[in-house]
4 protein chains.
Amino acid sequence: MLNTLGNLLSLTTFGESHGLAYGGIINNFPAGLAVDFEKVQYELDRRKPGQSAIVTQRKESDTVQFLSGIFEGKTTGTPIGFIIENENQKSKDYDHIAKSYRPSHADFTYDQKYGLRDYRGGGKSSARETMNWVVAGALAKQFLSDIEINAYVSSVGEIFCEKPYQALDFSKTESNEVRCPDAETAEKMIEKIKEIKKEGNTIGGTITCVIKNVPVGIGEPVFSKLQAELGKAMLNINAAKGFEYGSGFCGAKMTGKEHNDLFNEDFTTKSNLSGGIQGGISNGMDIYFRVAFKPIATILRPQESVDKDGNPVIVEGKGRHDPCVLPRAVPVVESLAAFVLADLFLINKTRNINNF
Amino acid sequence: MLNTLGNLLSLTTFGESHGLAYGGIINNFPAGLAVDFEKVQYELDRRKPGQSAIVTQRKESDTVQFLSGIFEGKTTGTPIGFIIENENQKSKDYDHIAKSYRPSHADFTYDQKYGLRDYRGGGKSSARETMNWVVAGALAKQFLSDIEINAYVSSVGEIFCEKPYQALDFSKTESNEVRCPDAETAEKMIEKIKEIKKEGNTIGGTITCVIKNVPVGIGEPVFSKLQAELGKAMLNINAAKGFEYGSGFCGAKMTGKEHNDLFNEDFTTKSNLSGGIQGGISNGMDIYFRVAFKPIATILRPQESVDKDGNPVIVEGKGRHDPCVLPRAVPVVESLAAFVLADLFLINKTRNINNF
Amino acid sequence: MLNTLGNLLSLTTFGESHGLAYGGIINNFPAGLAVDFEKVQYELDRRKPGQSAIVTQRKESDTVQFLSGIFEGKTTGTPIGFIIENENQKSKDYDHIAKSYRPSHADFTYDQKYGLRDYRGGGKSSARETMNWVVAGALAKQFLSDIEINAYVSSVGEIFCEKPYQALDFSKTESNEVRCPDAETAEKMIEKIKEIKKEGNTIGGTITCVIKNVPVGIGEPVFSKLQAELGKAMLNINAAKGFEYGSGFCGAKMTGKEHNDLFNEDFTTKSNLSGGIQGGISNGMDIYFRVAFKPIATILRPQESVDKDGNPVIVEGKGRHDPCVLPRAVPVVESLAAFVLADLFLINKTRNINNF
Amino acid sequence: MLNTLGNLLSLTTFGESHGLAYGGIINNFPAGLAVDFEKVQYELDRRKPGQSAIVTQRKESDTVQFLSGIFEGKTTGTPIGFIIENENQKSKDYDHIAKSYRPSHADFTYDQKYGLRDYRGGGKSSARETMNWVVAGALAKQFLSDIEINAYVSSVGEIFCEKPYQALDFSKTESNEVRCPDAETAEKMIEKIKEIKKEGNTIGGTITCVIKNVPVGIGEPVFSKLQAELGKAMLNINAAKGFEYGSGFCGAKMTGKEHNDLFNEDFTTKSNLSGGIQGGISNGMDIYFRVAFKPIATILRPQESVDKDGNPVIVEGKGRHDPCVLPRAVPVVESLAAFVLADLFLINKTRNINNF
């Protein structure tokens, strides 16, 4: 359904950057889950602004309030409504763009599509929307308690985490500001981001996500293959420019003989270039994928642009902005992955007559 | 909706490789289009086996028959049903895999998910399904007659078409067997595929797709952004491992200053690293994206594998298979792009009160 | 989804009265059901024309052919495609309405909505479409093998089956042409229909449907309550004018003291004015509902009407038509009920964390 | 989509009777509508408790707050989020039913389906949910400003408004507490309700809804016929037991010769037993339908019932309840009708190539 995430388990959301609140409705969440509210807020805190020196200094508490669907601490199977109030709105910071179009932002396309736009803070096109996704994903994670989902920053600009994910200790991801579990690489990334920030510039990068313990059978060919649903979710993240899973774009350079994953006698595979998915369905091996993020378009430097009438103007980012979206996007990637998996996990329960 | 392509304009399909027929239903296609049936069959012919020396020699006419929704040559607005009969089924070629699992195929995952599978020719997991998509896409192309959609093979293994798409003449794409509009590169690619074929091996590659003349405003944030819908469709193609649009994974290495697309006074942009999409909505510039394909898993050489009970077996591709999926995937990529665009194009018509 | 029946289990269909074929795709049907093909054809035969003296004498075999989704007699969990070819098309019978609008038919509305229409035999608006529904419902019935679904003709014109359903023996429904299990009433109904037929007239009536053994818990408030999904399905049947369940319109005359169903200690209820549904969810008691059908609009007598330009014309039903839709609609009502229940039954499996 | 109203224009909702708030998200509402907020609140006020002597005396302000999707008074085309806070919760009134099941309520079915329930005030099964629908419908009404939608109470118990709707002056509907535009009948109805209330009893009735000025072409056969979408929406209202349109159940007693609506030369029809819909599509004539409501199950008298373990208990309605749901259901019926029409109206815009 248009503007809804998920096929059975579903998330519908609302909110603009400088409106009164964000929020959403999670539908068809199974009844009976004892919700750990602190864990939900923990995920929001990982995403929120102002948490470290390398992210925007905007201050928001980003506190979620559940309004329905939970009774005496447990999900009731009815729609889970929630809101997150906006607090720290400096709408005046945006007066200068009411009639101007910032380069590589959605100002122009929103105006053209809808005929008007809430320009304050980017309005609907702001990445504050991803808060809603984190709330839904945090509940999905709790439902899928046996599945481990770990995302991390795998590159910032030209600095790559060269170690394969198998060599990383994900318990270290939260130990540094940039959320790269390899301490040495993390340090370089942080340094790079600080340098970029000083220039009033921004920088892109990639996030890798690894999912362990997914049971065999998750994914719905032909039009809701697991990789397609994961890819769609990730490509909806603001600033995402690409998605690859398993061998990805590297696999496109290989031959079949090199690329095929041979089976062991327990149906695990000797290699895993497939990335844990065969024919759109999980095969029990680790699922891993990578998302590319462009540098944030708002830079704190004057840029030539145009106004609504096509007249030349100079726009300059004001206010408090992220020099690099990556660290805060890590929980967003994990949340979307959790939600997509939970949706397909529920559906899979109905796919075989033996379950009835 | 699960197992449906599209949000308003929709395609539902059926068919297995060695079943009686493939087919589909296109719903909510606008009434009044005079269908050019030859153009539909032309697109199917671009996809069909046996068309050249570098694709599978399996012979199928792949003739589409429309059963409803078209009257006196025009679409009636009612569901368009169609079938494509299977003809050249050599099911015996597949007896050896009835109880064995081929490496990097979906045999194991289908068996686990559904408890049984039609193993003949890969059953539902066969890429013959993409015929259905080509039929739907061919109609979508005719509806979007002002929009130009051109896909081409941009790499085979390590051989890349180095020229930017702007330097290519798409009228040349069909002039060679591999569907790369650059003659020199095409020759190298064909040579490479022939060499790989001789070894009984297969090889991966990428397809680039360029879409011109898309009006501003197509795409539905927040969960049906144009790139997300395109990416989902492409990632559902058998063998697809990755999707990127605009600057893609390269953009992740850049800074905001380098990456931002500055406006001209007519609202075109000086550069187009955005790939024609801002905030999930088309901005009128060329849309371009790239899809990565792994090498086909069926190689004509013995491989170690396991049977249903986990016993070691040797499997060896028999029959007639593609050494490289790329040339035949070109019309599939174009078709999916056309269908996704047509769906979002219809929806966009309803997004502004001024249209009513 | 528009033009789709069902939320998870879904049916998409195509076909026009005088096109090449009808057909459909059943998606998300559970894998592993051993299909009884004769039972499917049996249901189609109950619906087909020419089966008795009181229905249309048009001859069609209405034979269904399954094209996919079933392997070695069992459903595979993949889309089930089927077609039913049209055979006995006398399109010339309809030349007279190519440019005229029959009273109380959909000729005018289709023309206005779509700008053109396949006028032969009513095109898409023909009740032959309900064949598709019977195929899907026949499979749903087999999936829900413990649930008994019995519809019957409960009134024809002013002739009512006065006995409550509890006093009827449903094994007698097929013992007469009109499908009313009460022999005495059936005789009167048949006589009435024959009389009406002789006049070239048609007559309306009602069908009652009783569903036993539905487990507690089926139905999805707030927007997919069981009665709402049943009602929607029934109101899509050609000629249906009303739907009521449980006490229905009679219940609207009662007081709460009279109407409330008191519980027994085993949670059955002493009365069942609720019709087996509380709050949109089945409560384990018999579900029963009634559907009103108007008299068929095609009468074999001259009627004043207008052509496309508003000029007066005389139209007169030619060919072979039903004097009363009721007997052939009985399997349609049962089929839709079965499909709706199967869909909600699948979904209910995912509503409680204890099922995982 | 499950738990969503509408196919393209969509409403998703949340809220329980004694939770913190109700609310919803309206998706795909066209951009550019100048919202009249007073009119929205006016519709809510027509539905709210405590407005007259014949409805519940519970006091709630039922004030809607819009949180997104509207900027400077106009819809922006982005999701419209809203909440209505619960104020006057006397949850203690419901302690007695925490473990008991009230007759003809959804206590038992919710417990069985979900394994737990928020019992306070009926939780999710409370008709307070319909507030959400009124908000959405009020916006839909403003979008469809040319269409007139008038519902009224057409019967209470055995007291019927005998005049045909054509003889009524809808501007009088709001002039009395029961919302019947015929003053004489209204008086009798009010008297009856007061009498019933005195007894601690409740009473059922019907609401008729008349829709004028619907353009030709609204409705989407075959599975989203206009009457089917209207019927589904109405049957989701708490206490609704039946739906009929046009001639309805009376039409089932008629012959074709009597029932057919003959055309005038301007394509209007001489009679309108069809109720403004042919083949599932509006034909430009008045649309009218009737909804049956059972008497409210909560009566202020002791009733025999059972607790969760099947032990006999006496339950007795406490607190403030409606003796008759009808007067407050009038705006709910209108709101759902408006929303369904607006959804199908948007979709119809995409059904013909000439609109592009």
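From the backbone N, Cα and C atoms, a Cβ is placed for every residue, glycine too.
Nobody curates TrEMBL annotations by hand; they come from automatic prediction.
Other Cβ atoms within 10 Å of the Cβ of B:R47 (NADP(+) binding site) number 23 in total over all chains. Secondary structure from DSSP puts B:R47 (NADP(+) binding site) in a helix. The NADP(+) binding site feature in TrEMBL is assigned to B:R47.
Taken from TrEMBL, the feature FMN binding site covers B:N238, B:A239, B:G279, B:K294, B:P295, B:I296, B:A297, B:T298, B:R320. Take the CB of B:P295 (FMN binding site) and look out to 10 A: across all protein chains shown you find 29 other CB atoms.
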Measuring Cα to Cα across B:N238, B:A239, B:G279, B:K294, B:P295, B:I296, B:A297, B:T298, B:R320, which the record gives as the FMN binders, how far apart are the two most distant ones in Å? 45
In the three-state DSSP scheme, B:G279 (FMN binding site) belongs to coil
Where B:A297 (FMN binding site) sits in the secondary structure, as DSSP reduces it to three classes: coil
Note: in the chain of B:G279 (FMN binding site), residues six or more apart in sequence with C-beta under 8 angstroms of its C-beta are B:G219, B:P221, B:K225
Measure from the CA atom of B:R47 (NADP(+) binding site) to the CA atom of B:A297 (FMN binding site) and give the result in Å, rounded to a whole number. 19
Other C-beta atoms that fall within 10 angstroms of the C-beta of B:N238 (FMN binding site): 24
Where does B:R320 (FMN binding site) sit in the DSSP three-state scheme? coil
Using the structure shown, find which entry in B:A297, B:R320 (the binding-site residues) has the sparsest Cβ neighbourhood within 10 Å. B:R320
For the C-alpha pair, I'd like the distance in angstrom between B:R47 (NADP(+) binding site) and B:R320 (FMN binding site), rounded off. 15
